[in-house]
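Participant: Under the heading Zn(2+) binding site, TrEMBL lists His129, His294, His298. Sequence annotations record features per position, and here TrEMBL assigns transmembrane segment to 77-97, 109-132, 144-165, 177-198, 296-314, 334-354.
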Amino acid sequence: MATIVMERIGRLFINLQQVRAVPQMLTEAAPSMPGTLRDTEVPGFFRERYIHAGYRPLHQGWRYYFLSLFQRHNETINVWTHLLGSLLVLVKFLQLAETVDFIDDTHAWPLLILLLSSLAYMACSTVAHLLAAKSEFYHYCFFFLDYVGVAQYQYGSAVAHFYYAVEPNYHQWVSPVFMPTATFLCCLSCLGCCYGKYRNYSLRVWVRKVGQVIPSAMAYAWDTSPVFHRLLRSLWTTLHSDDIAAPASGVVGDPAISFHGSQVAFFLSSAFFFTNPLPERLFPGHCDFLGQGHQLFHVFLVICTLCQIQASHLDYLGRRPLYTQLHGEGAATVYLVQYGATLVACVCIAVFIARKVKRLLNCRDKSK
């Protein structure tokens, strides 16, 4: 017995030694990792308002920027929030794949599109925040990639909401125009964000923000309108029903309603922190690593997405007689093809603006 105990203690000691050696292994893997810089040591284009330190140096090798995933800098939390978020969505995807037939059941394809687009925007955001410090040109390119991911998520949200969450009377009003409009707004949002970023030098900050925020706000309002309509209808029914009928028609009788309400609340919270640099504006220089509004934006958006996926899954399970009646057998196939088409269109927009950026930077370098 004593021998067995000693063997286990010895194994535990070895394991602890291995854990303690991890920081040294990382240091040996990147022995020449340069330190971070203050805002006065990097070009003005890379500076964020109220963030005074934690900037990574430009023009390092790609290995440095990949390994900066484990370095303390002012983008570390932005990288990890969406990296962990994408892993959570992937885990949810794998869980759903055990019970949902994403291949043969065409009515599951809108849920598949939502999952793929959620993974896409989080992965693109992770890459952008991790690698965009390489140079000014790559800063543009990777954030254009980020905007492509956001546009795809907008389309995925529109499909899931229109397919699963829509009420029959609202479907009757908007059926011919809903998805074409959602597709157009998806591409317009990508174009507005990319072009606003491209015109960074020649437009005022508020003009660029308007050009970027308004198309995205329009896309969100339209894509989520079936959910807004359903929430208002549920609230109206609950308030104007007697005590006996209320549970059957209100929130209690619809398990997805609470998740739809949560996704709206978390999205609006994320939008607030996206448009307002808080709390760093109140504490300049004290949120260089942790506590930035953009970090809170990421966290709230991840929670919003998880609530949205859960709500759509519950609708997929509980509203099948309704959505099979509203949507023909071929509708999901059309939406899947449109998803691929919007992806191609948004990538073309990003590539087109990236070429304009390349010419702009070349002309500026030649003029020096």
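Cβ coordinates come from backbone N, Cα and C, glycine included.
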Participant: Count the Cβ pairs between the transmembrane segment (109-132) and the transmembrane segment (296-314) that lie under 8 angstroms and are 6 or more residues apart in sequence, then report whether there are at least 3.
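Facilitator: Stretch pair touches.
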Participant: Which residues, given as numbers and ranges, are at least 6 beyond the ends of the transmembrane segment (177-198) yet have a Cβ under 8 Å from it?
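Facilitator: Long-range Cβ neighbours of the transmembrane segment (177-198): 140, 143-144, 147-148, 150-152, 154-155, 158-159, 162, 208-209, 211-212, 214-216, 218-219, 222-223, 335, 338, 341-342, 345-346, 349-350, 353, 356-357, 360.
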Participant: Tell me whether the transmembrane segment (77-97) sits in contact with the transmembrane segment (334-354), defined here as at least 3 Cβ pairs under 8 Å among residues 6 or more apart in sequence.
Facilitator: no
Participant: Out of His129, His294, which of the binding-site residues has the smallest number of neighbouring Cβ atoms within 10 Å?
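Facilitator: Least crowded of the binding-site residues His129, His294, by Cβ count within 10 Å, is His294.
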Participant: Starting from the Zn(2+) site formed by His129, His294, His298, give every other residue of that chain whose CB sits within 8 Å of the mean position of their CB atoms, in sequence order.
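Facilitator: Output for this site, in sequence order: Glu75, Ile77, Asn78, Val79, Thr81, His82, Ser125, Gln292, Gln295, Phe297.
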Participant: Counting only residues 6+ away in sequence within the same chain, which have a CB under 8 Å from the CB of His298 (Zn(2+) binding site)?
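Facilitator: The answer is Ile77, Asn78, Thr81, His82, Gly85, Ser125, Ser270.
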Participant: By a Cβ-Cβ criterion of under 8 Å, what residues six or more beyond either terminus of the transmembrane segment (334-354) are in contact with it?
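Facilitator: For the transmembrane segment (334-354), the list is 109-110, 112-113, 116-117, 140-141, 144-145, 147-148, 151-152, 155-156, 159, 163, 179, 183, 186-187, 190-191, 194-195, 197-198.
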Participant: Please report, as numbers and ranges, the same-chain residues at least 6 past the borders of the transmembrane segment (144-165) whose CB is under 8 Å from any CB of it.
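Facilitator: Distant Cβ neighbours of the transmembrane segment (144-165) are 107, 110-111, 113-118, 120-125, 127-128, 171, 178-179, 182-183, 185-187, 189-190, 193-194, 197, 216, 219-220, 222-227, 230, 256, 260, 305, 308, 311-312, 315-316, 319, 323, 327, 331-332, 335, 338-339, 342-343, 346-347, 349-350, 353-354.
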